[in-house]
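For 6-31, 43-65, 159-180, 245-263, 270-288, 308-333, 345-367, 401-417, the entry in TrEMBL reads transmembrane segment.
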Amino acid sequence: MQKCPGATLFALVVTTGIATWVVSLIISNAAKAIIDENGETAWILRFIFTILGYATVFLPCYVLIHLSQRHNLHTLGGCQWRLLRLILTGTTSEVVAETDISSARPSNTNVQSLYQKALSLFYCCAGLQVSYLLWGILQEKIMTREYIDGDKIERFTDSQFLVFVNRILAFLFSGIYLLLTHQNVHRTPLYKYSFCSVSNTLSSWCQYEALKFVSFPTQVLAKSAKVIPVMLMGKLVSRTQYKNYEYTTAVLISVGMTAFLLGSSGDKKGNNVTTVSGAVLLCGYLIFDSFTANWQSALFKEHKPSSVQMMCGVNLMSCLFTSASLIQQGGFFYSLSFAARHPIFIMDCLLTAISSASGQLFIFATISKFGPVVFTIIMTVRQGLSILLSCLLYQHHLSSLGILGVFIVFLAIFLRFKPTSITLPTAKERSIKVMQQGERFD
């Protein structure tokens, strides 16, 4: 078969990128003419811009991968083809020996004392609670509170920049961790991370945008209810079978969410458009996040990466997508200008990113040592504390019906874990189980 020359491949990829960028500009201008940039539905415009920004990376990469596979370019010698081999096969080596895979992770035969286990559990629990409680408080502050610069009062509006900061720091954290620890041989094609990376960044984007329309407690309860779309997506993507008690708890979560929303309907001032916008964004978060969980679960089963390798790969792709979108929208200039006017915003962003990245490493440590059941119980407690802290710090009102709804949701979450399920699964089974429950490593 005739080979596709490297220069021709490069020209086709660049041409596709330029064409995609030009088309995105045309669509963006058309969308601006239809949607008011300062109206209540301006988030639709920002969502369109975000998707178009991702497309300028996704489509050229698709052309690169398609042509490379068609002409077997990743089998050639040379540095550029080694990089291409990493994208297509997950490794720069042409052949991965099975002995390397099996011996990559040494067995741990050390027996810990009860005191050591208790101390390790305390560290993991404290790390998760501090990291994600701080992350939640700062997230609400950045997206809902006003920054004051003399007589000028303004709010930060670019959710994409916050996603980028979180992802690039998480990539650095996970990359350093991989360099300092012994890991199994990586065999996951990098391009396969892109699918869950797009859904992951969009779910985070929806999460930040939703705070402009709904209270933080409402968002936390909606995230607790994500087991419902995860189960539905699991049926569609992975053909997963669920037991009757899992469907029962899903119904209880729905009832609790309904009670909470009815009991806190007066918490957020606004009109019907605002209410609908918040609900649509929360639904978008749940849909994108459930796809992320199931896609990552499929990658764990097929290619068997470690949790930190998954975290590093997804965050790498997320950095590429979000940076392209920010450059196209002028988001970097806006965000850096805002930071120059409000230095405290820089500290808020850094603390948010550090707490998010460190929290992801604590997730990995907790699951690898104690399994998904203990991890999910810790995170459920964290969600309850997040709601309590948010209500105390930002004066959110909860009626008796709303409190009852919160209680029903958390009761249903705890009911999902039967005593017989508290076993000691393998590292692979732990990762897959948590992915199926909707928890992310990235």
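Positions of Cβ are set from backbone N, Cα and C atoms, glycine also.
Note: TrEMBL annotation is automatic and uncurated.
Between the transmembrane segment (43-65) and the stretches 308-333, 345-367, 401-417, it is 308-333 that has the most C-beta pairs under 8 angstroms. Note on the transmembrane segment (308-333): residues 21, 24, 49-50, 52-54, 56-58, 158, 160-161, 163-164, 167-168, 170-171, 174-175, 177-178, 181, 183-184, 186, 188, 190, 193-194, 196-198, 200-201, 296, 299-300, 360-361, 364, 431, 441-442 of its chain, located 6 or more positions outside it, place their CB under 8 angstroms from a CB of the stretch. The stretch in 159-180, 345-367, 401-417 that contributes the largest number of Cβ pairs under 8 Å to the transmembrane segment (245-263) is 401-417.
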